[in-house]
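Database features, via Swiss-Prot:
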TRANSIT   1-36  transit peptide
SITE      E151  site 'Important for long-chain enoyl-CoA hydratase activity'
SITE      E173  site 'Important for long-chain enoyl-CoA hydratase activity'
MOD_RES   K213  N6-succinyllysine
MOD_RES   K249  N6-acetyllysine
MOD_RES   K295  N6-acetyllysine
MOD_RES   K334  N6-succinyllysine
MOD_RES   K350  N6-acetyllysine
MOD_RES   R399  omega-N-methylarginine
MOD_RES   K406  N6-acetyllysine
SITE      H498  site 'Important for hydroxyacyl-coenzyme A dehydrogenase activity'
MOD_RES   K505  N6-acetyllysine
ACT_SITE  E510  active site, for hydroxyacyl-coenzyme A dehydrogenase activity
MOD_RES   K519  N6-succinyllysine
MOD_RES   K540  N6-acetyllysine
MOD_RES   K634  N6-succinyllysine
MOD_RES   K759  N6-succinyllysine
Amino acid sequence: MVACRAIGILSRFSAFRILRSRGYICRNFTGSSALLTRTHINYGVKGDVAVVRINSPNSKVNTLSKELHSEFSEVMNEIWASDQIRSAVLISSKPGCFIAGADINMLAACKTLQEVTQLSQEAQRIVEKLEKSTKPIVAAINGSCLGGGLEVAISCQYRIATKDRKTVLGTPEVLLGALPGAGGTQRLPKMVGVPAALDMMLTGRSIRADRAKKMGLVDQLVEPLGPGLKPPEERTIEYLEEVAITFAKGLADKKISPKRDKGLVEKLTAYAMTIPFVRQQVYKKVEEKVRKQTKGLYPAPLKIIDVVKTGIEQGSDAGYLCESQKFGELVMTKESKALMGLYHGQVLCKKNKFGAPQKDVKHLAILGAGLMGAGIAQVSVDKGLKTILKDATLTALDRGQQQVFKGLNDKVKKKALTSFERDSIFSNLTGQLDYQGFEKADMVIEAVFEDLSLKHRVLKEVEAVIPDHCIFASNTSALPISEIAAVSKRPEKVIGMHYFSPVDKMQLLEIITTEKTSKDTSASAVAVGLKQGKVIIVVKDGPGFYTTRCLAPMMSEVIRILQEGVDPKKLDSLTTSFGFPVGAATLVDEVGVDVAKHVAEDLGKVFGERFGGGNPELLTQMVSKGFLGRKSGKGFYIYQEGVKRKDLNSDMDSILASLKLPPKSEVSSDEDIQFRLVTRFVNEAVMCLQEGILATPAEGDIGAVFGLGFPPCLGGPFRFVDLYGAQKIVDRLKKYEAAYGKQFTPCQLLADHANSPNKKFYQ
C-alpha cells in the first residue's frame, strides 16, 4: 500500500515541470526595531512572549541570506538567555510572504563544494537549535513558506497559518536542481510520512494551508480578515500575531500540547515503513519511477531519495551529514547552475522594463474565438479584465466561449475555484459577432488565421471603431508586425503579442516591437501580459521573430532525419532523452502539420538555403491527405479521444518511401542526430542575438525553454553554449557543414565565442 501511494504521488513528477515556482508579490510595511543595527530581524516582547519579525530590506520577499542568518541567531540567543521570556512567535512583516527560501544569489556566489556544504551545515545548526528549544516557538505563517522557510517552520514546536490562497508551503529546491539543505529531508518524512514527504520534495509542488493542516504540516488555521480601518493584509497579520501569541502562552503553560493525533491511515503507513522489506520496495519503486521520468538528466531527485533513505536506515546524524554533502554536490552541478540561471531569467522577464503605461488596460477585445483567441480570453477574464470575444460565426463563437468556461470549470474540479468564483469570472466575458463595445476597448488582440490580407482587413475594420488610445496587438507566430502595421493609420499603436498553445498552461508571451511601436504601447502590452501571469520576452520585429525562427531550422532537420529512415518513435525517443519534454515528431503533430508547412514555406522564402534541410514536400503531401496532426486525428501518429497510447500512422509509410534520402553514416549516430537538431536551434538563437532581434541572452534562454521546450537542464541555448563550450558546438557544426552545407555554418558571434574561451554569454 505504501509503495502504491508513493508511486501514485510521483506520477505527477515529469521531467520536468521545471521552474514553475511562483513569484509572490509582497508589500512592505514598517515594524518597530528593537535594535537599529539590525536590518533583517527585529523583536519585541508582549508579556512573556517574544515576537520575532522577519523583514528583509529592499525586497518583496524574505530570503535566508547570510545577514538574516546572523541576525536571527543573535536574536534567538537573546531570547533563550532571557528569564522574562517563556515562548516566542516567528512572523513576517511582509504580507504574502513568510520566508520564500534561501537567497539564490548567496548560493550562486559559492565557488567550491566546501562553501556550499558549509552553508548547509550552518543552516542545519540554527534550525536544530529551534527544534530543541526549551521555550516553545510558534511559526505564524502568512504567504509563501518555501524551501528554507518551511525548514524553519517545521523545526518550530507549533505552526499556525492563514487560510488564504497566497499561503502555500513547499520544498521547491528540486526545481533548482538542489535539495532541502537545512534538515528538511530528515524532518519532513517524520512529520508527514515518507510518501507525502517524497511527493513534496520530488515534485517541488506547493501545498495550500488547508491541505497542509490535513497532512500535519500545520497545526492551526486562521481565517484572513477583510477590510477595516487598516488594509486587509495588515489586519490579517495583526490578527495572526495575536492568535500565535495566545498559542505560544498556552504551550509555555502546558495547556496546549504540540503533539498531533495521527489518523488511522497515517498510523498504518508509519507502521508499514518500520518493516525493512516494505521500505526497500518503496525505495525501489520510487527510484524506478524517477529514473523513467527524468531519463537521468536531473541528478537531484535520486539524491533526495538517497538522503531520505540514509536518515531512515542509518539515523538522523548520518542523514544530516548526507544531506549537507549532497546539497553541496548538487548546487555545484551544471544542471543546478542552468536551472538557477533560468530562475534569474524569470525574475528579469517578470518586470516591465518600459515602466508604467500612461493608461491601464481595463477593457480588452479579442478577434477570433478559435483555440488561441479563446485561450487568451480565458487568461484575461481570469485576471479581472473585461473582455469581448468576437468571431465571424455563431458556431465558432459558441465553441470559443465553451472553451473558456471549460477551462474555468476545470479549476473548480481541482478546487482552485468555487462555482461562484467561476461564474463571477466568466461574467467578465462578452461574446459577439459585431464590433459593438469596441469604442471602449483599451486593447484589441487579433487571433485570426495566419493570412496577411485577412489581418489587414480586420485591422482596418477595427481602427474604424476603436478610440485613439487603443492598442492593436497581433497574435501572429511568424508574420512580420511591420507588414501587418503597413495599413494602419497609427503604426505606433501596433505591436505583436505571440502567445503559445495551450495559452492557459504555457507561461511564455513573446512581445514584438517594430521601429514605429511607441514605448507606451510596449509598456501596455507588457503590463497586460504580466497581469495574465505570463513570463515575457520582448524582441525586435523580423520574420519568425525569435521563437519561430529558432524552431523552424530544427523542424527542417526533423524532416530530413525522417527522410533518412529514422522512424518517428525513435526520433521522439532521441529528442526526449536529450531533455526535450516532447519528441520532435510529436511536436510537429501538436503544432499542426499545416501550421508547420505554412511557417516552413514563409521562412524558407526569406532565409533561403540556410533554412533548408528536409523536403517540405513531405508536409505538403501530409496536408493533402488530411494528416494535420492531433487536431485531425492523424499525423505521424494516430490519435484517439481518451486514449493515451498512440500508434504510428502506417499511411505515412508510402509518403516517407517516396521522399526517402540515403543517410550519411558519418553523421547518423544517435548522438549526431541529437546534435544536428540542437546545434541548428542554438546557432539560430545566437544569430538572433547577433542581429539584435534579442536584447539579452537571458530572454533568449527564457523564450527557448518556456516557449519551445528547450531542455531546462541545459538552461537554454545561451547557457548551454557557456556550459558545454562554444568551441565544441562550433566543431559539431563544422562536422555537419561538411556533410550538408550552409545550413550548419556557425554564425559569427558563436565563432567569436569559440575563438575566445573566456568569452561567455553569462559572466
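Note that Cβ sites are derived from N, Cα and C of the backbone, with glycine treated the same way.
Feature map: Swiss-Prot annotations on the structure.
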residue : record                                                         : Cβ neighbours (10 Å)
E151    : site 'Important for long-chain enoyl-CoA hydratase activity'   : 30
K295    : N6-acetyllysine                                                : 16
K334    : N6-succinyllysine                                              : 17
K350    : N6-acetyllysine                                                : 17
R399    : omega-N-methylarginine                                         : 15
K406    : N6-acetyllysine                                                : 11
K505    : N6-acetyllysine                                                : 10
E510    : active site, for hydroxyacyl-coenzyme A dehydrogenase activity : 26
K540    : N6-acetyllysine                                                : 18
K634    : N6-succinyllysine                                              : 20
Could you say which of the recorded positions K213, H498, K519, K759 has its Cβ with the most other Cβ atoms inside 10 Å?
H498
Below 8 Å Cβ to Cβ and six or more residues apart, same chain only. Which residues does that give for K249 (N6-acetyllysine)?
G47, D48, V49, R86, S87
C-alpha spacing of R399 (omega-N-methylarginine) relative to E510 (active site, for hydroxyacyl-coenzyme A dehydrogenase activity), in angstrom:
26
Find the shortest Cα-Cα separation between K406 (N6-acetyllysine) and the modified residues K213, K295, K334, and name the residue that gives it.
K213
From recorded positions E173, K295, K350, R399, K634, the one whose Cα lies nearest K519 (N6-succinyllysine):
K350
Would you mind pulling the DSSP three-state label for E173 (site 'Important for long-chain enoyl-CoA hydratase activity')?
helix
To the nearest whole angstrom, state the Cα distance for the pair the residue listed as 'omega-N-methylarginine' and K505 (N6-acetyllysine).
19
If we check Cα distances from H498 (site 'Important for hydroxyacyl-coenzyme A dehydrogenase activity'), which of the recorded positions E151, K295, K505, K759 wins as closest?
K505
Helix, strand or coil at K519 (N6-succinyllysine), per DSSP?
helix
At the level of the C-alpha atoms, what whole-angstrom distance separates K334 (N6-succinyllysine) and E173 (site 'Important for long-chain enoyl-CoA hydratase activity')?
15
Between the Cα atoms of K213 (N6-succinyllysine) and E151 (site 'Important for long-chain enoyl-CoA hydratase activity'), find the distance and write it as a whole number of Å.
16
How many neighbouring Cβ atoms, not counting its own, are there within 10 Å of the Cβ of E173 (site 'Important for long-chain enoyl-CoA hydratase activity')?
28
Which of the three DSSP states, helix, strand or coil, fits K295 (N6-acetyllysine)?
coil
Going by Cα-Cα distance, which of the recorded positions (E151, E173, K634) sits nearest to K759 (N6-succinyllysine)?
E173
Nearest to E151 (site 'Important for long-chain enoyl-CoA hydratase activity') by Cα distance: which of the recorded positions E173, K295, K350, K634 is it?
E173
Reduced DSSP assignment, K334 (N6-succinyllysine):
helix
